[in-house]
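The block underneath contains the structure these notes are about, expressed in structure tokens.
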Ligand SMILES: Nc1ccn([C@@H]2O[C@H](COP(=O)(O)OP(=O)(O)OP(=O)(O)O)[C@@H](O)[C@H]2O)c(=O)n1
């Protein structure tokens, strides 16, 4: 006599087998769907052809997230050897040649199979702006030379062009706020202060600026569903190299054989050629008549006199708007935090003055002690720093403080709102990233629709619900279950 197992009916066996197969299939799909994928990246390259040098930046972002944001990051930068491309006006082909090493470097950094789809841009700033004012044909030839050289690269070259000061300021602002994740989240934005060699930019959003007063300073953006009305201004000739020319021009108006410069260390002594100093549209019309060929540039190291000389290159006398910064340029009330980068950072970092919680008066005092230090001592303390940079830090520090306080109207109270920065989350602060994001349409005007759940959450929920349904099905089939009788069946 054999006791029949109540589960051994064909219906329950079939249901159980199908159920087990379904659960195994679901779990397999869920696991496979959520396995870590080997990330594929896309790349973009921007060359920043500045007045003092050219730099190449490589950016990357996950291939499947072209239209998403907060994900583009700088993976590498390469400093082009030699001066900025505008310095090759008399031998333009050399401007093209100068870029080759960094392009070779980029070829090694970007995977070969991505080369032909990687956009390559060159944007030129204030150095080329000045050259185009001075000699537009020479500037065209320099652009032709760099274009010829970049067309030979395996990348998808998208052209070389001159950025307007307004674009330089606005794209710097986009970069800073993109990297800080402020745009996507619609947070209060950070203003951008950029100090180059030949121009300087200030860009910020102010509640009391809607673009109606001085519309030429207004740039509007719609980013991730938010409207921004940005104030921006670029001051050509107020980058730190051209500002130094302006102060030297101020001190050599009578064509002297020597000057005692308060912005250079005591004991500093260099011979300067008048024609070199005045070889820039920022000062060329002021070249003194009948001056000797050279003058001796002597350092005096006097901070308060240096402040006076630096102040004298700003014009505060006329303003046809409700308020101005300097040279009759409109500026609304300063608002919010500011990121100060490029030469702001190089100089303040060298001077150990990037901490803006140090009171402005203390900063001034420390700078004046530095300026009064004899040139021999300075050279001894910093044997590794390029002499040209080293000689100019006293001037540059004084210029930065004067530009910020007298020029832009930062006060002791608002000075701590400035943060001197070089990089944000590994990417350099500057106009290049914002420029690329704009040209590749990587910042959408409207906020992208995001799915309710991440993919892994979706798969897990579907799995759990299916298992539940299966269990319910088994229970709903109860009437078909064989009954367990207490009496053993006799077969
Ligand atoms: N370690 C460094 C590197 C650069 N500089 C100075 O910083 C200034 C400008 O830097 P940059 O942002 O590279 O300006 P450019 O792009 O060359 O100038 P522009 O934007 O005006 O065209 C130059 O005066 C350069 O001499 C410096 O003082 N210390």
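Placed from the backbone N, Cα and C atoms, the Cβ positions cover glycine too.
Keep in mind that what you see is a predicted model, and the values were worked out from it rather than measured.
Among the features that TrEMBL reports, active site, proton acceptor is placed at 168. In three-state terms derived from DSSP, residue 168 (active site, proton acceptor) belongs to a helical segment.
The ATP binding site feature in TrEMBL is assigned to 197, 198, 199, 200, 201. Remark: residue 199 (ATP binding site) has 51, 125, 126, 129, 165, 168, 234, 235, 236, 237, 238, 239, 242 as non-local neighbours, by Cβ distance under 8 Å and separation of at least 6 in sequence.
Annotation comment: TrEMBL describes 12-32 (among others) as transmembrane segment.
Look at TrEMBL and you will find 458-477 (among others) tagged as transmembrane segment.
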(message) Taking DSSP as the reference, which of helix, strand or coil describes residue 201 (ATP binding site)?
(response) strand
(request) Write out the long-range same-chain contacts of residue 198 (ATP binding site), meaning residues 6 or more apart in sequence whose Cβ is under 8 Å from its Cβ. (result) 50, 51, 52, 125, 126, 127, 129, 130, 236, 237, 239, 241, 242, 282
(request) Taking the Cβ of residue 200 (ATP binding site) as the reference point, list residues of the same chain whose Cβ is under 8 angstroms away and which are at least six residues distant in sequence. (result) 193, 194, 234, 235, 238, 239, 240, 403
(message) Within its own chain, what residues at least 6 apart in sequence put their Cβ under 8 Å from the Cβ of residue 197 (ATP binding site), listed in sequence order?
(response) 50, 51, 52, 84, 126, 127, 239, 240, 241, 242, 343
(message) Using a 6 Å cut-off on Cβ distance, which of the recorded positions 168, 197, 200, 201 come close to any atom of ligand 1?
(response) 197
(request) Run through the Cβ atoms and count how many others sit within 10 Å of the one on residue 168 (active site, proton acceptor). (result) 29
